[in-house]
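Lifted from Swiss-Prot, the feature list:
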BINDING   HIS64, ASP102, GLU223  divalent metal cation 1 binding site
BINDING   HIS65, HIS219, GLU223  divalent metal cation 2 binding site
Amino acid sequence: MNVADLLHVLNELLYPELFNDYGPNGLQVGDAQAPVRKIAVAVTADLATIEKAIACESNVLLVHHGLFWKGMPYPITGMLYQRMQRLIENNIQLIAYHLPLDAHPEVGNNWKVAKDLGWERLESFGSTKPSLGVKGVFPEIGIHDFVSQLSSYYQAPVLAKALGGKESISSAALISGGAYKEISEAKSQEVDCFITGNFDEPAWSLAHELAINFLAFGHTATEKVGPKALTQYLKQVGCDSVVFLDTENPF
């Protein structure tokens with residue numbers, strides 16, 4: 001298998017052409033004809049992750065957050081230069097899939113959580129098209145027990161909570177990463193709790209004034225789910241050497 005073959009497998013799974021994304025999906029740095037020897041999968045192509053990929057002798061790094069985003073300046077200097085330099089001098093091909101890995105119903109950052117936790121009557125959720133998140137229902141549970149359940153699942157503490165809603169809940173909506181503004185969409189769809197990664201000052205007032213529960217578990221914690229699932233998928237389809245790199249980032 002070469003990188004072009006791997007890209008075909010990933011594109012057939014994730015359908016990146018359906019998304020108006022914030023950056024390019026697919027090969028960002030490298031040679032499409034390079035052979036795939038070992039794939040490292042991670043959340044973000046930061047320098048710490050790149051160094052881990054080098055240390056484990058990977059020649060492909062597959063991430064959720066790549067190097068390039070809309071509106072970035074063109075010069076390749078500073079932090080971006082350092083990251084690219086380490087990739088190129090170690091012959092590591094960088095592949096990134098952003099929104100497609102959030103939205104996927106099997107290996108995505110959102111649907112995978114809902115299915116693993118046994119939510120039922122699952123539907124797409126979110127104000128974007130295609131929708132990135134998921135909503136569902138479950139047996140009634142106290143909100144504090146629900147927080148504990150999610151903390152155990154994500155292996156991360158809740159970073160922020162605004163409990164403006166019911167003390168016992170039976171429905172939730174989830175969009176991983178930086179989606180706290182979707183709390184209003186969650187209220188409009190009459191769910192009891194909205195879960196995301198990031199939070200900001202308005203979320204507190206919104207949760208209490210809209211009478212909904214809001215939970216934030218960190219951008220990184222909520223977006224490890226998809227890369228981990230993608231690691232297992234690649235093993236199942238015949239990629240012999242694939243590892244998930246868990247770089248520390250509590251945000």
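Glycine is no exception: its Cβ is also placed from the backbone N, Cα and C atoms.
Taking the features listed in Swiss-Prot, we show where each one sits on the structure.
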{"residue": "HIS64", "record": "divalent metal cation 1 binding site", "DSSP class": "strand"}
{"residue": "ASP102", "record": "divalent metal cation 1 binding site", "DSSP class": "helix"}
{"residue": "HIS219", "record": "divalent metal cation 2 binding site", "DSSP class": "helix"}
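In this structure the alpha carbons, written CA, of HIS64 (divalent metal cation 1 binding site) and HIS219 (divalent metal cation 2 binding site) are 12 Å apart.
By the criterion of other Cβ atoms within 10 Å of the residue's own Cβ, the least surrounded of the binding-site residues ASP102, GLU223 is GLU223. Counting in whole angstrom, GLU223 (divalent metal cation 1 binding site) lies 10 from HIS65 (divalent metal cation 2 binding site) by their C-alpha atoms. One way to see the shell of the divalent metal cation 2 site is to take the Cβ centroid of HIS65, HIS219, GLU223; the remaining same-chain residues with a Cβ within 8 Å of it are VAL43, THR44, HIS64, SER176, GLY177, GLY178, GLY197, THR220, THR222. There are 22 other Cβ atoms within 10 Å of the Cβ belonging to HIS65 (divalent metal cation 2 binding site).
The record gives HIS64, ASP102, GLU223 for divalent metal cation 1. Within 8 Å of the mean position of their Cβ atoms, the other Cβ atoms in that chain belong to VAL43, HIS65, HIS98, LEU101, GLY108, ASN109, SER176, GLY177, THR222, VAL225, GLY226, PRO227.
Counted over every protein chain shown, other Cβ atoms within 10 Å are most numerous around HIS64 among the binding-site residues HIS64, HIS219. In this structure, the C-alpha atom of HIS65 (divalent metal cation 2 binding site) lies 11 angstrom from that of ASP102 (divalent metal cation 1 binding site).
Spacing of ASP102 (divalent metal cation 1 binding site) relative to HIS219 (divalent metal cation 2 binding site) is 12 Å (Cα to Cα, whole number).
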